[in-house]
Amino acid sequence: MKKIAVFASGSGSNFQAIIDVVQSGELKADISLLVCDKPGAFAVDRANAARIPSFAFSAKDYPSKDAYEAEILAELKKRGVEFIVLAGYMRLIGPTLLREFQGRIVNIHPSLLPAFPGKDAIGQALEAKATWSGVTIHFVDEGMDTGPIIVQERVRLEEDETRESLQNKIHAVEHKLYPAILQVLLTQGGIVNGKKASTY
Ligand code: GRF
């Protein structure tokens, strides 16, 4: 069973969706660690409730990204983590983690990339009066939401769409799509749509 770490900064509803499928046995993986850069975040409570170890830190307590990532890396190695799942982690992954995990880090983003990258993709879609937005799952590289795309699913914006309604629709898609794709990546040798995921 692959040992994974989930990285989150906030409420962690995607983290919870992953916990749920692991607990039900639908996803054969071991969530070995939650990494969280906001010690008070609800994601940490979710980890505690599920008896998943967490490493919570504040970036301001470290001199640099390299310094806190070195500590994260030590935690990952100590637990034999093989794969990193970003789920609402609001920081760019730096060279320290990328060097060790490139090709083994995935992220979920609430837009159809390359549209609306970075912060507040939902607000960006509303502001642009887009008809379509959605969800992208992609491998992580050194850029901001730029790595190779694994899968995307569309969500339609209605005339009267609000931030809350769009967020709910996007979350509903995310909570199904992320577990399904992780299942493929972690247990079927990374084959997505008949191609080896690492060749995307
Ligand atoms: C999700 O919409 C995800 O796409 C984005 O951040 C949000 C995290 O939500 N990267 P949650 O913490 O999983 O509820």
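Using N, Cα and C of the backbone, Cβ positions are placed for all residues, glycine too.
Summarising the annotation, TrEMBL assigns domain 'Formyl transferase N-terminal' to 2-181.
Applying an 8 A CB threshold to same-chain residues 6+ apart, the list for Asn14 (N(1)-(5-phospho-beta-D-ribosyl)glycinamide binding site) reads Ala8, Ala87, Gly88, Ile108, His171, Glu174, His175, Tyr178. DSSP assigns Asn14 (N(1)-(5-phospho-beta-D-ribosyl)glycinamide binding site) to a helix. If you look up TrEMBL, you'll see Gly12, Ser13, Asn14 marked as N(1)-(5-phospho-beta-D-ribosyl)glycinamide binding site.
Taken from TrEMBL, the feature (6R)-10-formyltetrahydrofolate binding site applies to Lys65, Met90, Arg91, Leu92, Ile93, Asn107. Around Ile93 ((6R)-10-formyltetrahydrofolate binding site), the same-chain residues six or more apart in sequence whose CB sits under 8 Å from its CB are Glu69, Leu86, Ile105, Val140, Glu142, listed in sequence order.
Cβ environment of His109 (active site, proton donor): Pro117, Ala121, Val135, Thr136, Ile137, His138, Asp145 lie under 8 Å away, each six or more residues apart in the same chain. In the three-state DSSP reading, His109 (active site, proton donor) counts as strand. Summarising the annotation, TrEMBL assigns active site, proton donor to His109.
According to its DSSP assignment, Asp145 (site 'Raises pKa of active site His') is coil. Neighbours of Asp145 (site 'Raises pKa of active site His'), defined as other CB atoms within 10 A of its CB across all chains, total 19. Marked as site 'Raises pKa of active site His' by TrEMBL: Asp145.
Of all residue pairs in the (6R)-10-formyltetrahydrofolate-binding list (Lys65, Met90, Arg91, Leu92, Ile93, Asn107), the one with the greatest Cα separation is 19 Å apart. Among the binding-site residues Gly12, Lys65, Met90, Ile93, the residues whose Cβ lies under 6 Å from any atom of ligand 1 are, in sequence order, Gly12. Here the domain 'Formyl transferase N-terminal' (2-181) has a mean pLDDT of 97 out of 100. Compared over the binding-site residues Lys65, Arg91, the count of CB atoms lying within 10 A of a residue's CB peaks at Lys65.
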